Amino acid sequence: MKCPSREVFSKFEESTNPQWGKPPSQRSTEEYIKYSLVILDKPRGPSSHEVAAWVKKILGVERAGHAGTLDPKVSGVLPIAIAEGTKVLMALSRSDKVYVAVAKFHGDVDEDKLRAVLQEFQGVIYQKPPLRSAVKRQLRTRRVYSLDLLELDGRYAVIKMHVEAGTYARKIIHDIGEVLGVGANMRELRRIAVSCYTEDEAVTLQDIADAYYIWKHYGDDTYLRRVLLPIEEIARHLPKIWVRDSAVDAICNGAPLAAPGISKFETPFSKGDLVAMFTLKGELIGIGRALVGSEEVKKMERGLVARTDRVVMRRGTYPAMWKRKAKSQSDSA
């Protein structure tokens, strides 16, 4: 999957003061690790929780969290946020997924009929989580964006599926078998993409261990900075709003983003969409939810644009200019 293509709308021409904050590339190695994301190629066998714990141990950090659980027998793309980065994992919570599944049919299947059934399953479907599930087993709707037959060899088929978050691939295979009248079960599953993070950029546990060892023993963090992505990458798929220096600390303290605090933003986005708030140096401040659409923001001179849901930037990284303004207004009153 490719990230959405968006245009940048400039609201105020603004510069940023070099005295506070820093571009992500200028963080020290220790800071870089604390504010990082790894796109892991999870092997078959361990659970998602286990591999996240191993990453935490390798990097010597207190926290590591994964987005989108993979069952032990499933391999593939598993985004893991490191340390402070776990605060904004929700940015990936509802991201689309792409899987490649190996299905075994319990009887002979005509290829044309199989392709027709795959076409029928595209769109909104009803699903009930399987018996062995961590969530409540109630009927729910999920969107299937595409189902493509990559290969059919006898009773085995390789199927690529692009689905909404929370869709059970195993259940789709089972239901396809039922519609075909022969029955089917899933023999193997690999996740090849989460949103626009693909297996092409995924790294292994050994890659992480080697990169950390080279930095610790030889002082070279080049490999480590390739293996770990800056936490800003967790918002790669989200519309971005760049915030003026004067508004950054208010957001760090949980305040909503108001129109006067915006320098520029990506369009389009709609009311209710997740948005990522950045400094003019390219640092991720946090993740919020749009209170108005981007077309309305273009015309706004005041009013609230987004509520702040999660903050990753440390308070005090930028000066509390909002406090000075509030105090000045209080004194003048």
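Note: Cβ is positioned from N, Cα and C throughout, glycine not excepted.
Residues annotated as active site, nucleophile in Swiss-Prot, with sequence analysis given as evidence: D71. Other C-beta atoms found within 10 angstroms of the C-beta of D71 (active site, nucleophile) number 13, with every protein chain shown included.
According to Swiss-Prot, the feature compositional bias 'Basic and acidic residues' maps to 1-14. Here the compositional bias 'Basic and acidic residues' (1-14) is broken down by DSSP into helix, strand and coil counts: 0 helix, 4 strand, 10 coil.
The domain 'PUA' (238-313) scores a mean pLDDT of 97 in the predicted structure. If you look up Swiss-Prot, you'll see 238-313 marked as domain 'PUA', on the strength of sequence analysis.
Taken from Swiss-Prot, the feature region 'Disordered' applies to 1-27.
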Surrounding residues of the compositional bias 'Basic and acidic residues' (1-14) on its own chain - C-beta under 8 Å, 6+ positions past either end: 96, 98, 162, 193, 195-196, 198, 236-237, 239, 244-245, 259, 262-268, 280, 294, 297-298
Helix-strand-coil residue split for the domain 'PUA' (238-313), DSSP-based: 17 helix, 33 strand, 26 coil
